[in-house]
Amino acid sequence: MGATSQKELQQEFVIVGEPVVPGIGLGKSLLLGKSSLRIRELTLPQEEVEHEINRYYKALKESRSDLAALEKKAKGKQGYQEIASILQAHLEIIKDPLLTEEVVKTIRKDRKNAEFVFSSVMGEIEKSLCAVQKTTAIAVDRIQDIHDISNRVIGHLCCQHKSSLGESDQNLIVFSEELTPSEAANANPKYIRGFVSLEGSKTSHTAIVSLAKNIPYVANFSAESWQRIREYNGNLVLINGEKGEITFNPKLSTIQAYYRKQSAVSMTVPIQIEKTQPLISLSAQIVGVDELGSISREFPGTTIGLFRSEFMAFSLGRLPFVEEQVAEYTKLVQFSCSDINVLRLFDFGEDKVCPFIASAHRSVRWLLEQETILRGQLQAIAIASRQGKLKVLIPGVLDASEIILVKQMFQEEVQLQNGISENIIWGSMIEIPSAVWMIEEILQESSFIALGTNDLAQYTLGMSRERSLPGNWKQVPHPSVIRMIHYVAARAKQRNIPVSVCGEMAGDHLLLPMFIGFGVRELSVVAPAIHSLKMRLLALNSKECSRLAKQLLRARTYEEVHKLLNM
């Protein structure tokens, strides 16, 4: 591909990637280069070995200070608990004895320079992750974490660092082949108006950080497109995180059109499709009650559709005490909104590892194995029930027996704590195929149902959620997943039990008409997605939604689903 002419570089030009985080942003493009650090292998004289070890310790200390400062900054801001938990994980990795003992031992034994030894050790860790976990979502995140930490420590060893995205004083759209979580965490959202990376996914740590900061993010471009992007460094850019579009040198009319669409919908527009169409609610997901203030200001009346209680442990670096849980849950109970708020029981396992507790189980089976922890949480819920009503969601159920056990334990705690049993409304999270086929029995024990689409798709297809998947799965759901969602929604509708949907699919505006057509009553999404979903809802009507839903149920391939959703 030849170089782009000067005239072409000044014309409006659009490149399309994959949407990761929704939103619109305008700014000057800033291309972050790959690390130019070249690690050379050096053999040291014996008298320099201890000095080299001290130099390594200093680099580790400086790296820990960097991360601790970022974590402290994140902990002090509303809605940033997930960012803090990711940075806490980086701190735990960098404190690992392997990174001190193994590296120091090798420097002493082989008399090699710290950069070379550290890089080799981190490379071996990455190889072992790839060998054990293949290309799972967990492995991809861990490898990205390893890259991030390696670059930070080696940067200190070589006295070279990337410029901080927190120091910008102009509006920028940041382009990077591999955008790291700590780079995103350090970005000042006042000036950093968008992220664009060669590769990325909606479930990556970088995406989680970007979403928490409400910074639009687009990723996954061909090598040819990325090469062309590099030629536009320094040009004005408009990023559309809903469509995955990057517009270079946007005309004034293009910019005005985008922002007219964005401002056309008031944040408080009623979410009623039409008079004859049942209400479909948009509720907010949170990871801490300190987000309630911003939800109330930006989206008045919005219900909390999912409080992810396990993030209390990630933020604290330990399991929360019962008293701490009571304080959080009471605030959730008392939060004024249009419906009853939803608390999900601790959902540990796989990529969400509970601090200091190793277990092969996940979700409700993890809780039943760790009965003391479960009873502590149920005790806190029982105490909070004195203040009002609360919906409680049991994660990852296999069948009705697990629901019965949890409810029995709760009744015991309610009696001990003088709680009000009637104030707690029990629901079940359907995210495992076995639960889909046991839905009749599960509905008998549940007052509401939440479909967790991320895990449901992953376990149904036997795959990772990450970019290694074949075909179009990362853009559209497989027909089998669509049919499972419909099956659950239809069975629940027969019993007049409300169904909500959470996960990436809930925030996908292309799937909105399908959910409405299936009779889903609520979509639980991260706060930044609410505005764009409201905009999409204004353009829908019930007849078209029902028609599309029926067509999607007849689809046999990814391609047919993709065609129907993009008609």
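Please read every residue number as a count from 1 along the shown chain.
Yeah, the Cβs are placed from backbone N, Cα and C, and that goes for glycine too.
These numbers come from a predicted model, not from an experiment.
Packing around HIS205 (active site, tele-phosphohistidine intermediate) is summarised by its Cβ count: 26 other Cβ atoms lie within 10 angstroms of its Cβ, all protein chains included. In three-state terms derived from DSSP, HIS205 (active site, tele-phosphohistidine intermediate) belongs to a helical segment. Taken from Swiss-Prot, the feature active site, tele-phosphohistidine intermediate covers HIS205.
Reduced to three states, the DSSP call for ARG308 (phosphoenolpyruvate binding site) is strand. Taking Cβ-Cβ distances under 8 Å and a sequence gap of 6 or more within the same chain, the neighbours of ARG308 (phosphoenolpyruvate binding site) are GLN285, ILE286, VAL287, ARG344, ASP347. Per Swiss-Prot, phosphoenolpyruvate binding site is recorded for ARG308, ARG344, ASN454, ASP455, ARG465.
Sequence annotations record features per position, and here Swiss-Prot assigns Mg(2+) binding site to GLU431, ASP455. Look at GLU431 (Mg(2+) binding site): DSSP puts it in coil.
Around CYS502 (active site, proton donor), the C-beta neighbours below 8 angstroms that are at least 6 residues distant in the chain are GLN285, GLY305, LEU306, ALA450, LEU451, GLY452, THR453, LEU523, SER524, VAL525. The active site, proton donor feature in Swiss-Prot is assigned to CYS502.
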In angstrom units, rounded to an integer, how far apart are the Cα atoms of GLU431 (Mg(2+) binding site) and ASN454 (phosphoenolpyruvate binding site)? 8
Among GLU431, ASP455, the most crowded of the binding-site residues [Cβ within 10 Å]: GLU431
ASP455 (phosphoenolpyruvate binding site), DSSP three-state class -> helix
Go through ARG344, ASN454, our binding-site residues, and report the one whose Cβ sees the most other Cβ atoms within 10 Å. ARG344
